[in-house]
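Worksheet for the structure shown next.
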């Protein structure tokens, strides 16, 4: 036992190394020569208050380059994230310091432009820049612990509630760090920005584009109701760093909440492991006693049948809405395979944050191509439960889950379009997603369903009676709602700590990188959902209720209810969302997350229960 615990501990330690970064082929370091141009690009502006990203040039103070804007060709993941990577007017050369340089001189903002700028600042928007695929960060110090921390991007400005004044950060101190692998090869390994608000009257612009800043405290005020005039300036500072190129993301991955306690996560995992082990021992011991007793009764041929053996003639009776059940199980298999492969590759470091949008892109394409496997098993299960309308069910399997996701996503996208946010999915991208769904995923699911339906159904260990047996009144704890709520506790307990980090990554613009832990949690969710579904099914059959098909799916998906409840708690305690559209986006996307999780966990529980029921009825002698 001690040896097993030691091995588990070693596996956990190997999985949770957060600072070991592995780069896939193709993501190679870029070497610069001294004085060589280093391009500064903009990604977007984001806010945790509105959850609506905007293009960098949405505000007029970000003046465009003289040679025009050039947007980077982006992958599917970047587009769905709302990234719009574009060139900027900043002029930066490798290891060349710039004291003060003019970006834009005497910008005249109209009342409309001032109102937009003021609104963005009041909504606490951050600007995100890129240098050599490295995002900028702002350094600050924790007031209580005096620990140096970093936050993503830099603030567009600040708004004081007491005086109701708005100030813009119109001067940037760009601090870049390089590491030298050789005398001639420079590599960018750090990118910090220190934003400042300086009254334009303190800035003296020279004819050659340089500038000087007078001493003082006056800041650049913006009146959202009037026209405004200001200048945008910047300076560049280079410094040598001992950080190597392969470790340059460590600063960003350490930005997470300082109250992360690794002990809490490991403790949660170990507790769930022990609970699952105890549950397994109890069930196995009880089943062995039941099977021995039932087989003894058959040899004596005296005692009347009792317990779960009594319903052997009805336990494999096909359920109602068998086409919907087969479609949900097929969708769950598709989601499971996609999730497992993505998390496994991410845990190996092949989908690191440096590969922008790679995680979402890989998930989309994997989901599409896993349709062949999902259709096959959905078709075979449908034939096993004596389904006859295989064409209709194949189409339902291919469209049920994607139709729900696409419909809600399309509906929410209208509101994002209305806000003119860069988070709105372009019409061309929506057409591309439709083509992937209807042109690739749909045919693959139908093809797999056809071959699965043609195969022999899974052989049942007992025959089904022609006349269904009457189900007696059940115990109070076997009520569907109560059993579902009880079944969801253990899987949710295994993941709720990890859920905090996932929600922070989605809604608070944090980087999520704990894929080793996530993989471990995913394995525990599989184990706990399987076990809890088996327990619910066992007690149900002992109560002579043979309608276990749907119950096993719904009960094991009960943890999705707790995830949604946690999302409501997270919304009111961690987020500062007040407007209608961001609130609707939050709960709309959260519903999709919970719906996906319900199908995933429900499928795991259904398959576990089906295997369990076949095993126990094959182990007893039925005359």
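The backbone N, Cα and C atoms fix where each Cβ goes, glycine too.
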Which residue range, 224-253, 584-613, is the one TrEMBL calls transmembrane segment? 584-613
If I go by TrEMBL, the feature transmembrane segment sits on one of 455-483, 513-541. Which? 513-541
Which residue range, 262-284, 285-307, is the one TrEMBL calls transmembrane segment? 262-284
With a Cβ cut-off under 8 Å, give me the same-chain residues at least six positions beyond the ends of the transmembrane segment (324-351) that come close to it. 15, 20-24, 358-359, 362-363, 366-367, 370-371, 373-375, 377-379, 381-382, 385, 387, 393, 396-397, 400-401, 445, 449, 515-516, 518-519, 522, 549-550, 553, 596, 599-600, 602-604, 606-607
Intrachain neighbours beyond the transmembrane segment (398-418), with Cβ under 8 angstroms and 6 or more residues off its ends: 52, 324, 327-328, 331, 334-335, 371, 375, 424-425, 430, 433-434, 437, 441-442, 445-446, 449, 581, 584-585, 588-589, 591-592, 595-596, 599
